[in-house]
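Undergrad: Quick one: structure below, then a few questions.
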Amino acid sequence: MSSILPFTPPVVKRLLGWKKSAGGSGGAGGGEQNGQEEKWCEKAVKSLVKKLKKTGRLDELEKAITTQNCNTKCVTIPSTCSEIWGLSTANTVDQWDTTGLYSFSEQTRSLDGRLQVSHRKGLPHVIYCRLWRWPDLHSHHELKAIENCEYAFSLKKDEVCVNPYHYQRVETPVLPPVLVPRHTEILTELPPLDDYTHSIPENTNFPAGIEPQSNYIPETPPPGYISEDGETSDQQLNQSMDTGSPAELSPTTLSPVNHSLDLQPVTYSEPAFWCSIAYYELNQRVGETFHASQPSLTVDGFTDPSNSERFCLGLLSNVNRNATVEMTRRHIGRGVRLYYIGGEVFAECLSDSAIFVQSPNCNQRYGWHPATVCKIPPGCNLKIFNNQEFAALLAQSVNQGFEAVYQLTRMCTIRMSFVKGWGAEYRRQTVTSTPCWIELHLNGPLQWLDKVLTQMGSPSVRCSSMS
């Protein structure tokens, strides 16, 4: 390998020898791409070695990597950019780009703790875990620190541990099967589904106290929001959300109301495409549905061709597009990143403008009205769906009958608008009044509902939760 660096120290060569490689790239241009990857990895390792030599932690890093031992000590670097990169405290937030990263050509550290090596950005523990352990790693949501790591990323200390063997991959929890009684009665018509599309939803801001780029969501919801008539809507919430908190709905604590019924276990299975995304401008569907197969993907406003990890809205045409929609599309920018990791879905705002999310599952978690729209500012992320919470609600709803289960269909649909919000606090009061928005259908939970509804007894007119 012809290095772009004038000299590669022996310790860097040794550490690069332990680098984990992804599957063979193959195809035209694979050699050039691999060469660029090798050069980037060399830069990342050389930069880290340079920093660790100053603190005497280099030997511990080499020991951890060569022995692959989690009982090694923490290998830390400062978590503030001014300490590690010598940047002046005069650097303001306005000087950082849309991901919170200052643009230096070699290696920089952002205000939110992200690291940039040769124009490629990421959190330092993610970069080095990807390099030495998991080449397919996408996000910090996929990692959790081992118990004896004193400087884990989640602890938000002045220093952060980059020892790749102090982190583990988050495993997707196995959802318990739902015991479904086979009912003999056949419904003559499908029960009405609660629809909040044309109602005026309440609004809430991103939960207070959550730091940007943090995967921590406080258990205590924000104070009760204000309804249209100016009164707090806590009473309305209590009436609407009478299913209790997710912690109270563990499937293991629920039992069928009639033990004499024929009970059949209905299991959850992961589909090939975990979600489907449709793009709308006002009330008009635009373009084809995007089917997500990768655990991490972005929906942005650029004109690059879409691929399995990227849904670009910039190329989509609409003859009915007006000036407001056109202007909004210009401000989508880097859009939103969606993660599906460990049975949880996260939305991270990458745009310079906020995104607005209506997630009944998230609203259930915080005790908000099911139709509440949450504003997510730039640089922040929010958990918008949790499979285990949904499984608990499904297990409880089965005991309440076909209609209660069917009502869970709306929990599997998430609406998200770019730049412009909607709801009681906005001029636009329905999602179809916003210039640019997307609708996510979570295929795994929807297909699980289908199987449960079929087991419970399908209506005479065939209609499923996917219809």
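Residue numbers in this text run from 1 along the chain shown.
Quick reminder: no glycine exception, Cβ is built from N, Cα and C everywhere.
Worth saying up front: this structure is predicted, and the values here are computed from it rather than measured.
Under the heading compositional bias 'Polar residues', Swiss-Prot lists 207-217, 233-243. Annotation source Swiss-Prot lists domain 'MH2' at 274-467. Here Swiss-Prot flags Ser2 as N-acetylserine. For Thr8, Thr220, the entry in Swiss-Prot reads phosphothreonine. Annotation comment: Swiss-Prot describes Lys19 as N6-acetyllysine. The feature phosphoserine is assigned by Swiss-Prot to Ser245, Ser250, Ser255, Ser458, Ser460, Ser464, Ser465, Ser467 (among others), with similarity to another entry given as support. Swiss-Prot lists 207-251 with the feature region 'Disordered'.
Tell me what's around each of these sites.
TA: Within the model, the domain 'MH2' (274-467) carries an average pLDDT of 92.
Annotation for Thr8 (phosphothreonine): spatial neighbours Glu42, Lys46, criterion Cβ-Cβ under 8 Å with sequence separation of six or more.
Long-range Cβ neighbours of Lys19 (N6-acetyllysine) (same chain, at least 6 residues apart, Cβ-Cβ under 8 Å): Cys41, Leu131, Trp132.
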